[in-house]
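Chemist: There's a structure below that I have some questions on.
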Amino acid sequence: MVIGVTGGLGSGKTSVCRLFEARGALVIEADRVGREVVEDPDVLEALVAAFGQDIVEDGRLDRRRLGQRAFADAPSNERLNRIVWPPLVRKLRADVEAALREQPDRPVVVDAALLVEWGDLSWLDALVVVTASEQARKARMMARMGLSGAEVEARMRAQLPEEEKVRRADCVIVNDGTSEDLRTRASEVWARLTAGQTR
């Protein structure tokens, strides 16, 4: 079983994935795969061509500088997506397939903020969307990543509205309470999913 977990920045999707992992799932993080993908020489070369040589410092990608440029406006964000998404999705799907071959009975959870944006969800058995208020999400992102309010807002604008993600979801977890509330809701969803109930 392959379960996609998505949600807007700061929604708590990674916390939900950790809770699923504690119940036996293998979690594959799109952010980790993305960090590997952008270090690929061909991808890095394409990013430099699109966003400037100074996004690389001492041979390594300066993610913050890239983010400032890539999320500055819609055309820049689209350029980033055209470069990064195809190899990222290929690698992610290959990792999922490898995990299923190694442990076919173990559920695989894909933690990815942009699952819905990528378009094709046919490779998932279920899609879980984690939601939270925009104010809560913004505060979490500023605290966790050290981004300014403007940087967080620019990144949020680059994602589909939560309503669109919720519309595509098999299960929705609202993260508007305590961590114990989130644990309870995630446990309920996990029980339904592993029992084969996606609605």
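Just so you know, glycine gets a Cβ as well, placed from its N, Cα and C.
As annotated in TrEMBL:
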- Gly10, Ser11, Gly12, Lys13, Thr14, Ser15: ATP binding site (BINDING)
Chemist: As a test of the contact definition, list every same-chain residue at least 6 positions from Gly10 (ATP binding site) whose Cβ is closer than 8 Å to its Cβ.
Modeler: Ala132, Ala136, Arg137, Lys138, Ala139, Arg140, Met141, Arg144, Val152
Chemist: Starting from the Cβ centroid of Gly10, Ser11, Gly12, Lys13, Thr14, Ser15, the recorded ATP site, name every other residue in that chain with its Cβ within 8 Å, sequence order please.
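Modeler: Going along the sequence, the neighbours come out as Gly7, Val16, Val130, Ala132, Arg140, Asn175.
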